[in-house]
Amino acid sequence: MYRTDHVTEESERTAFRKAEKKYKIYYDNAKKKKIPRPVDLSEVIDFRSILESFKRSGDLPDGVFELKCDFNLPVFGLVSRPGFYFIPAALSVEEQCHWIRESLTTFPQPPNRTNHNAIYGPVQDLFLAAKEGKVLVEEDKLPENVDSEVNLDQSNVNARHWNFVKLNEYCCRDACKSVSASALLRKLRWSTLGLQFDWSKRSYNVALPHKMIPEKLCMLAKRMAAPAMPCGEEFHPEAAIVNYFGLGDMLGGHLDDMEKDWSKPIVSISLGCKAIFLLGGKSREQTPVAMFLRSGDVMLMAGEARECFHGVPRIFTDPENTEITPLESQFSDEDHTSFLDYIQTSRININIRQVF
């Protein structure tokens, strides 16, 4: 799904790598608080500002155009990057909150795979366990009278298995390997929906157990993909990856090159804290274009844009720059405080693909 080149001294000097270093977050250590170093953001494209200006005057900056298509929202493109399209504020606040909840509670559920599978096997109800303050414990045998959720890989009954237990029950046990559910949630980096991607072989493995992409997400992806689709064709969502970003996280420059037909777009949905996205060219030597990504924005990459290196060098998690006030208002009631706590310092990206 992703292709990244091996990091070498030469690659460290490329234009793409220089841009990553420019926008990556660095800290100056104060007495008791890390202070992000100032960074020059004057060259970062702001499509939200472009949208507001376009609504007022109909004018667009040099290098940016409006795609003429039958779509209910303005769709912008870059003259220098054919096949790349940006739909600012494409999702309502209510839609954003819905997909944040799904990304944390439903999408990581087995048989969908996450980055935790390699160590812990399938992990059930991670977000709920974190909310309840539980601990994931490695055990050979389930103790009696313990409220636990079994995370046993049924394909290998001899494999180690891990169980969520209440903290007070864990404290009464002999020493054993454990990790808090809240720590695991913060270390959640990806989950896969639909056809599962085999990271070790860098290919889709149709034999792996999987669920179909939820119909509501399929409908959203089809609707958003329409401006970038070849005339008369419909987008068929077959696989998706959900990326989770926290404080200091970044996504290095890479290509999405494992799908069969690059004329079909990747539909990328941004949720949570603001970020910077870099869109380069077919070589890392080409200077990338930087742009802001905010919650509710949608990007499409099709055709030539599928051959462009891209990445996310920075997430803004300081309260002054997250720009998630509408989400905070929606999640302010007592029933949603766990979602609020998470999204105040995190970003979620859902990208949906047609594989075949």
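A Cβ is built for glycine as well, from the same backbone N, Cα and C atoms used for every other residue.
Look at TrEMBL and you will find 236-356 tagged as domain 'Fe2OG dioxygenase'.
For HIS254, ASP256, HIS310, the entry in TrEMBL reads Fe cation binding site.
Here the domain 'Fe2OG dioxygenase' (236-356) is broken down by DSSP into helix, strand and coil counts: 21 helix, 46 strand, 54 coil. Highest Cβ count within 10 Å among the binding-site residues HIS254, ASP256, HIS310: HIS310.
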